[in-house]
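Heads up: the structure comes next, in structure tokens.
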Amino acid sequence: MPDAKGRRIALGCEGSANKLGIGIIAHDPITGEALVLSNVRDTFVSPPGTGFLPKDTARHHRAYFVRVAKKALALSGVSISEIDCICYTKGPGMGGPLTSVAVGARTLALLWGKELVGVNHCVGHIEMGRAITGASNPVVLYVSGGNTQVIAYAEQRYRIFGETLDIAVGNCLDRFARTLEISNDPAPGYNIEQLAKQGGRVLLDLPYAVKGMDCSFSGILGRADDLAAQMKAGEPGPDGEPFTPADLCFSLQETVFAMLVEITERAMAHVGSNQVLIVGGVGCNERLQEMMGAMAAERGGSVYATDERFCIDNGIMIAHAGLLAYETGFRTPLDESTCTQRFRTDEVFVKWRD
């Protein structure tokens, strides 16, 4: 039921990858404004040169769920009785981590007598991005470790106009960070970004794979790995000149981001939009925002992006999207509160939008 101020309040649980996030949000019944009450996150960080395995990540989420939930509740300043629903990430994501957090969400729902709402991870990113930036009806570029999609809203669905044909752009960057044995703290993609800022002297030729509004990153990763092996062996680059890890990171970023800008611009022309909203962990990258901004400015448009509190996986986006669905009457029965590693963005009926 609404709190003393008439607000609906939701607690959201996210754990589709290596970040465990729990957040609490309130919706103002008059203005419709979303108010972030708390947004707590804990990240599983693996050693340099390695990725995060599902079993280890799931173990981390199980170990930290209670303390993160307690902290989120304490920071929010609300009581358990004021919370209307418990929202959790249904998918897509890694099976083990998803399941660990879903079990935690079910436990809270049963302990507190609250209703459950399963949320699509991508829709959570989109709705949080719209709420924070004020973007009205943008073309959405969703870029993360597990997803790369160009999306636009139409007829109560977030339609996918283009996507990766193999691996996600974030996965490409993360895997190359392993090749160079770059630290995973705070995130491999962030550390590649910082290293790329030291490059720029050399732009190495890497495969550029765009097919209409779709793109591919496996070929460019393979070529970047080959060049890294040459560099470690002391061999010169294709032009006979030596190159550094910074040059490799710079070249990789410039190429993959140019691909993303191209397919986003094509989608903007197709749907007639002059707004771009960048969501997902890779959306924090300042160079991507800069390149996208230059393209949008040439079209008389604008780019919207959030900071790391909201573009990196978090619980508050799940709470927000879940509460939007809850307010339309959507519920997830306990016996249907499963998880799925495959959950397409356009499968969700977006009842809360016209």
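Using the three backbone atoms N, Cα and C, a Cβ is placed for every residue, glycine included.
Straight from Swiss-Prot, the features:
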BINDING   His121, His125, Tyr142, Asp313  divalent metal cation binding site
BINDING   Tyr142, Val143, Ser144, Gly145, Gly146, Asp174, Gly189, Glu193, Asn285  substrate binding site
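It is Gly146, among the binding-site residues Gly146, Gly189, whose Cβ has the fewest other Cβ atoms within 10 Å in the structure shown. Under the three-state DSSP scheme, Asp313 (divalent metal cation binding site) falls in the coil class.
Packing around Asp313 (divalent metal cation binding site) is summarised by its Cβ count: 27 other Cβ atoms lie within 10 angstroms of its Cβ, all protein chains included. Taking every pair among Tyr142, Val143, Ser144, Gly145, Gly146, Asp174, Gly189, Glu193, Asn285, the residues recorded as binding substrate, the greatest CA to CA distance is 18 Å. Long-range Cβ proximity for Tyr142 (divalent metal cation binding site), meaning a same-chain Cβ under 8 A and a gap of 6 or more residues, is found for Cys122, His125, Ile126, Thr148, Gln149, Val150, Ile151, Val279, Gly280, Thr345.
Between the alpha carbons (Cα) of Asp313 (divalent metal cation binding site) and Gly146 (substrate binding site) lies a span of roughly 11 Å. Contacts of Asn285 (substrate binding site) defined by a Cβ separation under 8 A and a same-chain sequence distance of 6+ are given as Gly189, Glu193, Gln253, Phe257, in order along the sequence. On a Cα basis, Gly146 (substrate binding site) lies 11 Å away from His121 (divalent metal cation binding site).
Sorted by the number of other CB atoms within 10 A, the binding-site residues His121, His125 start with His121, the lowest. Other residues of the chain with a Cβ within 8 Å of the Cβ centroid of His121, His125, Tyr142, Asp313, the divalent metal cation site, are Ser16, Cys122, Gly124, Ile126, Ser144, Asn147, Val279, Gly280, Gly281, Met317. Taking Cβ-Cβ distances under 8 Å and a sequence separation of 6 or more, the neighbours of Ser144 (substrate binding site) in its chain are His125, Ala168, Gly170, Gly280, Gly281, Val282, Gly283, Asp313. Reduced to three states, the DSSP call for His125 (divalent metal cation binding site) is helix. Taken residue by residue with DSSP, Tyr142 (divalent metal cation binding site) is part of a strand.
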